[in-house]
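A quick write-up on the structure given underneath.
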């Protein structure tokens, strides 16, 4: 079957069923309810309703937001998750089956995102369960901060902040609290969290054509997790500006969506929407923390970064901010076996310093000697001649490289040669040949990127190590020692670079040079 969008699936109608099958195979603590696949309920494998002695915490909704909600089933979090079809509320029969399966004498709490379908289906299931004698309470999560008041009849949508509510309610239930108290903690958590998202593309439903609603170079602020239009479409901006705008909207004193003021402590969640690389999520997290602390005057005490509530393959992220009261932090930090809740080990932060070098001269600041000895003068002349030759060859090297590569070889080499030329006049301890070779490597490493820079640095470091082993700093390096160091440096490049003679690398120049050096040494008997 041909699809206009690319998806690694079988029949588009089976994606939810096959997702659940893979989930329970991956995590042995989870299982699906009898009646599967018509009844799509993921639950804890160690819970049986009639004998369960704690409050059951149940959530769910349309699929396509994975790992929400089934990935957060586990001791200390959700007891069961009810899975609807993609972006469709689960049917009442499935919700009721989940309630019956895991609810014991302590009752159950339903955590529902604020969408009409979810509210109606979970609400009807709750009423039917109550008529059967179950104790049931329901909490509605509406954490969306994209649109200013008035909020309309539907109110604010439920977004990624729901996952924080799951964790708080699940930890409260695991502690043995009664249903009324678990529900109270969940409702309080709903009132102190705000979320807003930004998307670079809309999601693609399985088996459906890819939407082009967002054109090139555009982003949408406040986009819903089902692909609903957001508050505004704008040109793509640097992530610093995007993060700043989102945080300003969430913490706006005009909307007053969350009771967070200057001096508050907060929890930050950066949530990927399904198609965003981890690198970009971490960049957003790294920018959000200082903006919150410096511009909004709040202390960020917990940061959760990853994909928690996605929208299939949507590119973008949402930011959730929750007021971090001590009771909330205790619930967030409580242990859980839910497979997709991040395990974070909190350690005190220290300012780590680089360990001292093992070089014999680690306490000495290297500098150019006031007076050069014979070896120092010879070394200076040789270095100056070499770097001048490299700089003069810059354009030719670039031209040759452009025929087989990206044409920057000469510029890269010249950058390294210039750094050596500058450092030679200031820092190189020329009377100590070994240390001078070591410093040449440091100069190269500082300015030359890519493979060549690190290989030249390895070359210098290996030569330095061999010279230190076979010579004394106050004695001139003999031709035999230079040849041995040269050969040792070539061996290190071969070892770490993986190349050999004939591979069309720098070795095809270095190895003949080493061979010639040996021949000259033998001919001169030195």
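From the backbone N, Cα and C atoms, a Cβ is placed for every residue, glycine too.
According to TrEMBL, the protein carries these features:
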type	residues	note
DOMAIN	11-341	domain 'DhaK'
BINDING	62, 63, 64, 65, 113, 118	substrate binding site
ACT_SITE	226	active site, tele-hemiaminal-histidine intermediate
DOMAIN	377-526	domain 'DhaL'
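Recorded features from TrEMBL, shown on the structure.
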{"residue": "62", "record": "substrate binding site", "Cβ contacts under 8 Å, 6 or more apart": "84, 85, 86, 87, 88, 89, 90, 117, 118, 226"}
{"residue": "63", "record": "substrate binding site", "Cβ contacts under 8 Å, 6 or more apart": "15, 16, 19, 40, 83, 84, 85, 86, 87, 88"}
{"residue": "64", "record": "substrate binding site", "Cβ contacts under 8 Å, 6 or more apart": "86, 87, 203, 205, 226, 310, 311, 312"}
{"residue": "65", "record": "substrate binding site", "Cβ contacts under 8 Å, 6 or more apart": "225, 309, 310, 311"}
{"residue": "113", "record": "substrate binding site", "Cβ contacts under 8 Å, 6 or more apart": "61, 140, 141, 142, 157, 158, 159, 162"}
Quiz item: Cβ within 8 Å of the substrate site's Cβ centroid: which residues qualify beyond 62, 63, 64, 65, 113, 118?
Solution: 60, 61, 68, 69, 84, 87, 88, 89, 225, 226
Quiz item: Could you count the residues of the domain 'DhaL' (377-526) that DSSP puts in helix, in strand and in coil?
Solution: 114 helix, 0 strand, 36 coil
Exercise. State the count of C-beta atoms found within 10 angstroms of the C-beta of residue 226 (active site, tele-hemiaminal-histidine intermediate), not counting that atom itself.
Key: 20
Quiz item: Of all the Cα pairs drawn from 62, 63, 64, 65, 113, 118, the residues the record ties to substrate, which distance is largest, in Å?
Solution: 15
Quiz prompt | Within the predicted model, mean pLDDT of the domain 'DhaK' (11-341) | solution = 94
